[in-house]
Every structure is written in structure tokens, then in C-alpha cells.
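Heads up: the structure comes next, in C-alpha cells.
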């Protein structure tokens, strides 16, 4: 294979992986909502004075 052919194949691979990765970004919207819900639960439990999450557990008791 010549250099020009190898460069063309490289460009095709880069372009196809870029195009394929865009639709998967929109599929993560639902997962982002779940992550936001978990974070709000952590902050809510902090306001109640108890937290079982490792990030806030050292400051508050777990309450179990």
C-alpha cells in the first residue's frame, strides 16, 4: 500500500469514528438525569443531618 492510500484509510477511520460517536451522546441524556437525581439525594440527606454516601459520610452519621 502506498502512503497516499494509507493516509486515505486513516482519514476514513477517523471520520467514521467521529460520525458514529455523535448519536451516542444523545442517548446519555436519560443517564444524566439519573445521576442528577442521585446527587440531589445526597444533598437532601446532608440537609437532614445524615448521609450514607462516602463523600459526605465522614461529616454526617449514616443513620442506620
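The backbone N, Cα and C atoms fix where each Cβ goes, glycine too.
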4-hydroxyproline according to Swiss-Prot, picked from 23, 54: 54
Residue 62 (disulfide bond), number of other Cβ atoms within 10 Å: 11
Cβ neighbours of residue 54 (4-hydroxyproline) where a neighbour is any other Cβ within 10 Å: 7
